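Take a look at the structure set out below.
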Amino acid sequence: MNISDIRAGLRTLVENEETTFKQIALESGLSTGTISSFINDKYNGDNERVSQMLQRWLEKYHAVAELPEPPRFVETQTVKQIWTSMRFASLTESIAVVCGNPGVGKTEAAREYRRTNNNVWMITITPSCASVLECLTELAFELGMNDAPRRKGPLSRALRRRLEGTQGLVIIDEADHLGAEVLEELRLLQESTRTGLVLMGNHRVYSNMTGGNRTVEFARLFSRIAKRTAINKTKKADVKAIADAWQINGENELELLQQIAQKPGALRILNHSLRLAAMTAHGKGERVNEDYLRQAFRELDLDVDISTLLRN
């Protein structure tokens, strides 16, 4: 691909509103000014270097465009179950806990709920932001408070002022990383602002507060949990809904998908298998079938050059 072809390819994408200079800059590592000047043949710098970077961007763009489009979001039975808890917490201004094994769809359900509802804010806790200050800072950024205070006391007060009267919902994903001090801070924030709060994570997020593991530290929080939703495994109805979204309805294929969904990682592994199977089938001009699904599930554990699948 010569420089003229690269310029023409980029110009076509921008003129057809398939992308923007800003998006190309973000994904290529170049500035918007450099890209604009290069496309218009007015760049005075190293055109060879820029053309190589933009050629790599173009190749990746077209490779992604060739991939079969997966369903954007599938509203499964488990999703509805999670949404019910979120609505309850929001409407009753209370605390709900959603816990379950990895890969059952908790995070995607929460993201979609945030996307389709007003005043819903979601943060994901990592070990590096599990302290009171870091957790509250993460929440402040999610709320658009980019100039928020950097000390716990002032930050907590600023968050209370921001959340009061919003009738909103705060979702804390991976809340099992949080200790008693942070959870108590979130409880007080929820109580004072009368917003809903959903703590979401693995079963430890709930077991810390119950049974033999419950301590005095967690007692006040536990007594204020209004609703608990535990998702132990993938439901058959979830797998059927996902298969329908992918237009897969063969009996053998459905049975295999049910088996895959029972593996560790559940729906996450299922969706990876479906995407890889769809890529392989698409590259051969065929529909996804049992053989492609089995091959995809095996290859997820192997060293496979994915880029070759579309060329076969």
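First residue shown is number 1, and so on along the chain.
From the backbone N, Cα and C atoms, a Cβ is placed for every residue, glycine too.
The stretch that Swiss-Prot tags with DNA-binding region, taken from the ranges 21-40, 81-100, 161-180, 181-200, is 21-40. When each of the recorded positions K106, R151, K152, R224, R268 is scored by how many other Cβ atoms sit within 10 Å of its Cβ, R151 comes out lowest. Through the fold, the DNA-binding region (21-40) approaches residues 7, 10-11, 14, 47, 50-51, 53-54, 56-57, 60 of its own chain, all at least 6 residues removed from its boundaries and within a Cβ separation under 8 Å. Close to N202 (site 'Sensor-1'), meaning Cα to Cα within 10 A, are the following recorded positions out of N101, G105, T107, R151: N101. One way to see the shell of the ATP site is to take the Cβ centroid of G100, N101, P102, G103, V104, G105, K106, T107; the remaining same-chain residues with a Cβ within 8 Å of it are I231, A266, L267, R268.
Most Cβ neighbours within 10 Å among the recorded positions N101, T107, N202: this distinction goes to T107.
Among the recorded sites R151, K152, R224, R268, the ones whose Cα is located within 10 Å of the Cα of P102 (ATP binding site) are R268. With respect to T107 (ATP binding site), the closest of these recorded sites in Cα terms is R224, chosen from R151, K152, R224.
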